[in-house]
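So Swiss-Prot says this about it:
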| type | residues | note |
| --- | --- | --- |
| BINDING | Gly130, Lys131, Gly132, Ser133, Arg382, Asp396 | ATP binding site |
| BINDING | Ser157, Glu234 | Mg(2+) 1 binding site |
| BINDING | His262 | Mg(2+) 2 binding site |
Amino acid sequence: MHIGKKNYPNLITSFRMNLKKIILNHDRFSHPERWKTNALLRFTFVYIKFLFDLMIIKNPLRMVGKTYRDAVTALNSLQSNYANIMAIRQTGDRKNTMTLLEMHEWSRRIGYSASDFNKLNIVHITGTKGKGSTAAFTSSILGQYKEQLPRIGLYTSPHLKSVRERIRINGEPISEEKFAKYFFEVWDRLDSTTSSLDKFPHMIPGSKPGYFKFLTLLSFHTFIQEDCKSCVYEVGVGGELDSTNIIEKPIVCGVTLLGIDHTFMLGDTIEEIAWNKGGIFKSGAPAFTVEKQPPQGLTILKERAEERKTTLTEVPSFKQLENVKLGIAGEFQKSNASLAVMLASEILHTSNILEEKIKCSSNASIPEKFIIGLQNTKWEXRCQVLEKGKNVWYIDGAHTKDSMVAASTWFRDTVRLSKRKKILLFNQQSRDANALVNNLYSSVSPEITFDDVIFTTNVTWKSGSYSADLVSMNTSQEDVEKLKVQESLVKNWNKIDDNRAKTHVTASIEEANELIETLYDEPADIFVTGSLHLVGGLLVVFDRIDVK
């Protein structure tokens, strides 16, 4: 039976929903306590779900064309669905210890060994808050040495508007043409090769790695083909078992501020999270971290460095940066910029571009090219200010407690003296949204009071569709459609704000933007936060308006 491309996603969705109903309605699956006592039950359920996902990933879409749109469609078919994620969470199984073995095997199948990636002279960065900004700062500094380093690769996640943002060269996302070219080179190599089913029983012919693993493979392939002289890699989640940890010999490693996030995968204590982050440390590659780490976390990081036979150095905020206007706003970015200085220094010294490393001292002298690199760093949706018509938008994709406090403090301090109306646009679909709103509220009060508060979904368009690059299958579609999270946020806000602000709920980002434009004739300051998906969707909406 031939399944057309247009009908395929609908059939998949229907099958998933029916499977979920069967499982959840079954008596054994409806009692959570039985998960803890019946190991066979847990294994059976996850295995069923695992096989089902293989059915989805096996030949996800047979592509007729090989355009950028075709590549995005194929890539989206590799996402894990919400029901499967929740099923695995219910088992309490945090670790996929096969990840790195699988990455080595996938790499072999596309023509590489892990040692091939050593030529990329990699900076490997992990952390909870600020690792993307630190990666951007580091890349921008290295980009000032174009004669010696003509091409600098940068791999980050997630993306805001286009998946191409994850794979950059000299600070710019690769073109749609190059993305499609390299994407299908990897895709076709995987199709034309096989794995030993004795060693990898789930790697059946036609199967593909998941979304993030595929993009990680694609980044290595792209940077090697483009002859990048140095690359900056941001960890996806954690470090120890992250797909990027196939990197065997980084030049230097960095750890930004630690906090509580991704607890299902990393653990719910700072110690557990630090242990995972420290998993990227490698023998012979010095490691640096920001100052003012949580003491318990710093202790674990030091232990991990000793275990991996390397050094860990705390980086103070450099005094020379105190009066420098960084390309990414926010006072807290000074520590990320300082860390980036040390990471770039290691790369440039190892490459014989700097005669001496920069001293890790607050009074150290920083070269002018480093300062220019920090000033010229561009990183959308992190403490970003945009003027649109009569309104000023303050945008930050904060989605953890610490980042929310930092972003909210930045907004408060920036608009404290402004007499404009204040509007909040917020969403967080998969974490504890109400806790984040409480962090936001306590950070801006009492200096800032919002006149209007809008809770929206991450759906891009009022037609109910997403921008193709922003399709996400890891949230509950039922919750999105019924606006469950948004209605809960309204109740919570009215309680903590004593019903002072007018609250609104919209089903899409486009509708939220249209509502904001009609609320007041006078100018307003608008704070957008809670989710990088929300921020990315808003920027896509802005782009369409600008084209019109």
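Using N, Cα and C of the backbone, Cβ positions are placed for all residues, glycine too.
Show me how these features fit into the shown structure, please.
The Cβ neighbour count for Gly132 (ATP binding site), using a 10 Å radius over every protein chain in view, is 23.
Around the Cβ of Glu234 (Mg(2+) 1 binding site), the number of neighbouring Cβ atoms within 10 Å comes to 25.
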Using C-alpha atoms only, work out the spacing between Glu234 (Mg(2+) 1 binding site) and Gly132 (ATP binding site) and round it to an integer in Å.
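Here the two Cα atoms are 6 Å apart.
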How many Å lie between the Cα of Arg382 (ATP binding site) and the Cα of Ser157 (Mg(2+) 1 binding site)?
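Ser157 (Mg(2+) 1 binding site) has its Cα 13 Å from the Cα of Arg382 (ATP binding site).
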At its widest, how many Å does the recorded ATP site span between Cα atoms of Gly130, Lys131, Gly132, Ser133, Arg382, Asp396?
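It comes out at 15 Å between the most distant Cα atoms.
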Counting across all protein chains present, how many other Cβ atoms fall within 10 Å of the Cβ of Ser133 (ATP binding site)?
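The Cβ of Ser133 (ATP binding site) has 28 Cβ neighbours within 10 Å.
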If you measure from the C-alpha of Ser157 (Mg(2+) 1 binding site), which of the binding-site residues Gly130, Ser133, Asp396 fall inside 10 Å?
none
